[in-house]
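The structure appears below as structure tokens.
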Amino acid sequence: MRDLFYDLVKRNGMAVSIYLMVAVSLWVFLLIILPQLTMLDYSFRFNLPPGKIGGPEDVYTLDQYRYFFQGSGSSGGLNTLDIGILFKTLMSAVFVTVFDLLICYPVAFVLAKSSTGAKARLLVLALIVPYWINEILRAFAFRILFGSTGVINEVGMGLGLFDSPVDFIREDVALYAGLAYAYILLMIFPLYNAIESLDRNQIEAAQDMGANWWQVHSKVVIPYAKPGIASGMTMVFMLTAGALAAPQILGGPSNLWFTQLVYQWFNSGGNWPRGSAYAMILLVVCIALVLLTMRIFKVSIGEIKR
Amino acid sequence: MTFAGVGTFMTKEISLEHVWVEFGEFTAVQKANLNIAGGEFFSFLGPSGCGKTTLLRCISGFQEPTRGLVKIGGKDMKGVGPNKRPTALIFQNLALFPLRSVADNISFPLEVRGVDKKTRRKRADELLELIALPGQGDKKVSELSGGQKQRVAIARALAVEPDILLLDEPLSALDLKLRQHMRTELRAIQKQVGLTFIYITHDQGEALTMSDRIAVMNKGKIEQIGDGKTIYDHPSTSFVASFVGENNVLEGTVLTNDGKMMQIDAGLGTLFHVESHPAGGPALAPGDACQLFVRPEALKIAKSDNSLNQFETRFVTEEFEGNMRHIVLDAQGKKLKLSLINDGTHSIGASAPVKLDFAPALGIALKPGELASA
């Protein structure tokens, strides 16, 4: 820490260094660590009326976590509803992440290796422009698109693909499409960066030695782009699992996203400690899943930040 | 290094028939016509941007010619992808796979052909033995030195068992000593495996020392094809004369040409007598403008006062290169270079006029043409 500061001072001068240190510390501490610690603290407390906070009943408890596993029943049965929602949320997020990877990899590859200069920049711009529109607006646009009188149903019926309108909302198609679209750039750019730095000759050398296009990708490009793939997948997975707007707007009536549960406990439920406990559970499970996946695919965190 | 027992390499001849490559308005290769015999060490020599790499890519299959045919072993290669051609390419930057071990690099061609792991490893070990890196298969590529990487790239290319090995300036990244060593080594490998080598370079030293034949290229055109000695001693165009080796050039006019000897007036107060070289380039007729080339080592300090082709110059400066001394002289405003072996005896006065001459056989008169830029 001290060496780091001296190094900063040597490079940037005293004023800039102090500003950097203070700004970064404030950011990390005030905006990340402190709120999370507060949430953690909340999650281990009872939901008490304001008058009793700080009183003799305000003690640490595992009650909020117990509720997630066992529900309100004292019989010790499992809270299958909430656990099921968590499981479904995670599975859906994995599905959306893999789906994003599948559609982004070819795009990133073409961007990085086949198009040049101005053309690539134009393509990147075309990818970014839709994101100038607010996330909620985009979600509503998807709702209209997939609605029973939406463009997709109209066209589908016009072409005779199906007789009556398909309820894309109830079937969660709209939700998956909306989520997949919401974080697609976070997949494309890490992939693009990784593939872009791959020497073209490596691809040609592989071809020259007899590799077909599938082998070129599986043996040369994908191993090389693995850190980028891991970084893109981590971001998309984390954000999808933690998404609120898209599930709220595009989700079917019978399908809850785990974040919606958290939201309900905080908001209509008025139970902040339980909401905090649920948020913590989501965070820990997501991180564990990411670390486990990275271990399976032998990617280290150090590689990802490249 | 020995290559006995590496397996038998078939070797095939290559022919290019009227090959043109155009990129939009730009013509990268025009009307390339040549045959390369099986087992030949053939070099394409030319400045960067002359089209030699494009031509190599046509042979390896990464580039389809706009017009014309590429034939390998008599078979038209049109529509045959690089992974299906009997060629192996060694890239300028070698393009070894950094994430794979040395052995996995070498056995990559076998891996994509579905050869099982044990056989692959055995073959990789054999090839490592042969490039004098035994037992280094488990090393990372980054742990090797430049010369070792070079040899691994060759082993990887040989693992394909190609009929033709294509090399795209593979030595340009090495330092001088290693480069010279690898020249000898490459030539030895080629002799031992008997494979057709096609070598791309802008370095005339590499081309001259290694090749059986050389094609000199400029601006997409093959200017001359011949063995090293022919290219150097009897260039057929001004470009070849000025690009391969160093040359002094004098602008002049042909006065007489009897088919054996020409007389040329180069405005230096002397009628130069040079041999006609009917084999090299179009014949010059009296009255034609010409460029007269005399190599720095062909110029001599005149021993007598009345030798043939004698003319007067003034000393300008001297560049010392160890084994050679390059003396810059001025002949009526024209800068000429004279190279002398450093035997410790020469001394040229800075003030007195220097009389030079050259043998008629060593002057080359050619139709005026484009000169290689220095």
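Every residue gets a Cβ built from N, Cα and C, even glycine.
Positions annotated as transmembrane segment by TrEMBL: A:12-34, A:85-111, A:123-146, A:173-192, A:236-257, A:277-297. The feature domain 'ABC transmembrane type-1' is assigned by TrEMBL to A:86-293.
Sequence-distant contacts of the transmembrane segment (A:277-297) (same chain, at least 6 residues past either end, Cβ-Cβ under 8 Å): 39-40, 42-44, 64-65, 67-68, 82, 86, 89-90, 226, 230, 233-234, 237-238, 241-242, 258-259, 261-262, 265.
Same-chain neighbours of the transmembrane segment (A:12-34): 5, counting only residues six or more beyond its ends whose CB sits under 8 Å from a CB of the stretch. Distant neighbours of the transmembrane segment (A:85-111): 120, 123-124, 172, 175-176, 179-180, 183-184, 187-188, 191-192, 195-196, 217, 221, 229, 232-233, 236-237, 240-241, 255-259, 261, 281-282, 285-286, 289; these residues of the same chain sit at least 6 beyond its ends, with a Cβ under 8 Å from one of its Cβ atoms. Long-range contacts of the transmembrane segment (A:173-192) within the same chain, counting only residues at least 6 positions beyond its ends with a Cβ under 8 Å from a Cβ of the stretch, are 92-93, 95-97, 99-101, 103-105, 107-109, 111-112, 127-128, 131, 135, 138-139, 142-143, 145-146, 166, 225, 228-229, 231-233, 235-236, 239-240, 243, 246-247, 249-252, 255.
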